[in-house]
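Sequence annotations record features per position, and here TrEMBL assigns GTP binding site to 45-50, 179-185, 204-208, 273-276. The annotation Mg(2+) binding site is assigned in TrEMBL to S49, T185. According to TrEMBL, the feature compositional bias 'Polar residues' maps to 300-314. What TrEMBL lists as compositional bias 'Low complexity' is 321-334. What TrEMBL lists as region 'Disordered' is 300-334.
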Amino acid sequence: MGACESSNKSAAEASHRNNVINRTIELDKRQSESTIKLLLLGAGESGKSTVLKQMKIIHDNGFSSHDALGKRNMVYGNAIQAMFFILSGMHRYRLPFTSQACQEHGRLIHAVMAKNAEMEEPMRQNVYTALKELWADKGVQAALARKADFYVPDCAEHFLDSLDRIYDSNYVPTTQDILYLRVATMGVIEVTFKIKEKIWRVFDVGGQRSQRKKWIHCFDDVRALIFVVAMSEFDQVLMEDGTTNRLQESLQLFKQVCNNKYFLDTSIILFLNKKDLFNEKMQQGRSLRIAFKEFNGQTPMSPAQNISKKSSSWPMRCRTSRSTATTPAPLTPQARSSCSRVSMMLFCPLN
């Protein structure tokens, strides 16, 4: 009798555990079905981290005042780094300063960079003065005019034009400042938000050469891969080596991703970014032949079409329709709703 009761009790417990396990599996399945994972890939400075920031602004209430204050030192560092790279261009092309004072200011910037551009709060007055006077120097401006021939971050003019504002003791970075902010992605950054009943998890991983080997094996279960290419970089070189064309580097990397075995069942979106900067360069007469020697386009749209043709000529598993977003909207509703089905997108960032 006792053995029979014990057996019945064990069977009931086993049945209960089985029911709990089944409910857990069903719940996990529902959560998995309601969660959409997206992976942002791209070469360094393609703008993918900015795309992630824009998603946060649109869908996750943006950045609080506390978040913005925490980025103030980064803005200071970006301004100093931008000037440092411009000074490096001056040295490369043997462009002189217009005054002895600016030579001293240049030495100060190099000294600060030697300490990894770590800034105190507020920005020290001697650093502000150095940046301000250097930015007005004709030699610095002459180097900036040749920025296509050496590395200069896209944020340079934005922050160096705003020195008075960011030097103010009450300065709080604006949303625009945060979008321009350049911080190399190290490791993985995730933004999670909800649209209707779907949970979106978007992952941004490092784009520098040293970071790329960390991409592949961790994200074979993503719903879609968004590969960001800065189309404006056709006349720029990599920070890593100072010689490799940045657009060529991005397109070669895109080709590798498309043919990677880990993404055989993953939809791939090619996101052509920085269209506003690209258009500015076209208006200035810059030629796409810098990146593609065979290019001979004559019309204003030919360069963009040529980039699209280059990328879409590689074997891909998805369609090649296009969507265009325009400044100043970070992402239009049409662009947002198309993300699940579009494999090529032209995008113009907020500026």
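Keep in mind that glycine also has a Cβ here, set from the backbone N, Cα and C atoms.
Heads up, TrEMBL stuff is auto-annotated, nobody curated it.
Note: the Cα of D276 (GTP binding site) and the Cα of S49 (Mg(2+) binding site) are spaced 17 Å from each other.
Of all the binding-site residues listed (E45, D276), E45 sits in the most crowded Cβ setting, with the most other Cβ atoms within 10 Å. Of all the binding-site residues listed here (R182, N273), it is R182 whose C-beta has the fewest other C-beta atoms within 10 angstroms. For K48 (GTP binding site), other Cβ atoms within 10 Å of its Cβ number 27.
On a Cα basis, S49 (Mg(2+) binding site) lies 12 Å away from N273 (GTP binding site).
All chains included, 22 other C-beta atoms sit within 10 angstroms of the C-beta of L179 (GTP binding site).
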